[in-house]
């Protein structure tokens, strides 16, 4: 009977204790489970469960930690972010290593899919990863409010490790894809936790700079990763290139996790953390499980079939594709009504879209990401085929945009800190992006000089770096601290939904145009078998460099990439106009614009 009562309690809301009531319970040597009996004896405690959101354990823990860590603790956390990115040591000829995961695994995907003779499935894999990368962020952010920041970090790093093992040992594309799904979950969760902890430990004025500095290691890592990927691809192979991170990642993440757990424990010992019993019902309610399923399922069931339709031989004749898209559309239609009428803690409250700052941030960051992903999904493939770049040089070229983006994010953060404003930076970034895509149509081809190729990458990185940081901070300062993880996850979620849409578009363009482009440039030599081989692998199947046949292949791949650039140009046009309507709030010396300082 006692077991049944325990199970029943897990599926109904648990009462919430305030700090005063918790102290009273401690004095009486009661646990939170005793509250049900206490409520029947004390009328004073009957209103305890009215404000669950304010008593989320993770929020209470981080607020307690920030109140006890002082300047020393704050800098330890910031150092932990950098340490996680810079402290790993690579067991190879190269002696310097940083958080190379983002710079290398992305490259290894080209070789892993090629080894399974499935390069055309790269866009599908990228789309599925981008969708999951986006939609997993809101529940992870909510988990950090319920479990705590340090505990959530431990969970995401564990997903990382498991994914590396599965991907490195995969014997088929399906097995590799399964590991990649876990990899995306770990990467997405870790990234959103980085953003959340930065926002926890910085005020609105300094936050843009803090976010920019957190990406400082990426000013160095891509150049290192170029040598590493070249060495790995031509030596030990992509499997070992991925597998070594199963050892390196936990070591690199240990510093920030230890720091957060230590200060959370200190806050708990000082009575600054509210202890709350959380039932299964509370947990599912607080992470808005129903809303997450509707939102993530809806986008996944629309975007993934769109890519599959472009990569299956029967195209849209496959019946289940239409059915999946129809179900996805229904889920997205139901989603806003569920959030407004059913969800107690909606991860995407309708009120967010009534806020012009939040609404514009979400739209602008999505359209910016569509353009970036559309022009970069097959950029590495194009660089190795049409320009004959080595794995190292293709990595350098592919990373130039990201390096400049990180540098400009730091500079934009300094400008925000100095002026306390952000609107004109957003406008400047949107204009630069539009101009960059226009120039890219002309300067990204098989016959362009190296200077022209890298100039376009640098120009786009400048615009993207300005846009990204200036679209996150305004949204964060528009909500109270308890909702900060939620809005952070939502903005980044829309960024990666845009990326998934861009990858979906790129995959459709590649699959539907590469055959015709090869046939057009190769002429009578373009046999079906040759076209199939050239479009599905980059591992030594192209004709010898300098031959007329190779020149034809180069021109064909360049034509396809140009079509993708047209799409990116079109997606960037609305951003230039909508940026003018962005509110230009003053950035205060506190966490947000909603709450007054507690001290």
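Each residue, glycine too, has its Cβ placed from N, Cα and C.
Which of 144-167, 168-191, 240-263 counts as transmembrane segment depends on TrEMBL, and there it is 240-263. The transmembrane segment (283-308) shares more Cβ pairs under 8 Å with 487-510 than with any other stretch in the list 209-228, 240-263, 358-379, 487-510, 563-582. Taking every recorded stretch in 240-263, 320-338, 358-379, 399-417, 424-441 and counting its Cβ pairs under 8 Å to the transmembrane segment (563-582), the highest total belongs to 358-379.
Beyond the transmembrane segment (399-417), the same-chain residues lying 6 or more positions past its ends with a Cβ under 8 Å from any Cβ of the stretch are 103, 205-213, 215-216, 218-219, 222-223, 225-226, 372, 376, 425, 454, 457-458, 460-462, 464-466, 468-470, 473, 587. Contact between the transmembrane segment (358-379) and the transmembrane segment (487-510) is supported by 3 or more Cβ pairs under 8 Å, counting only residues 6 or more apart in sequence.
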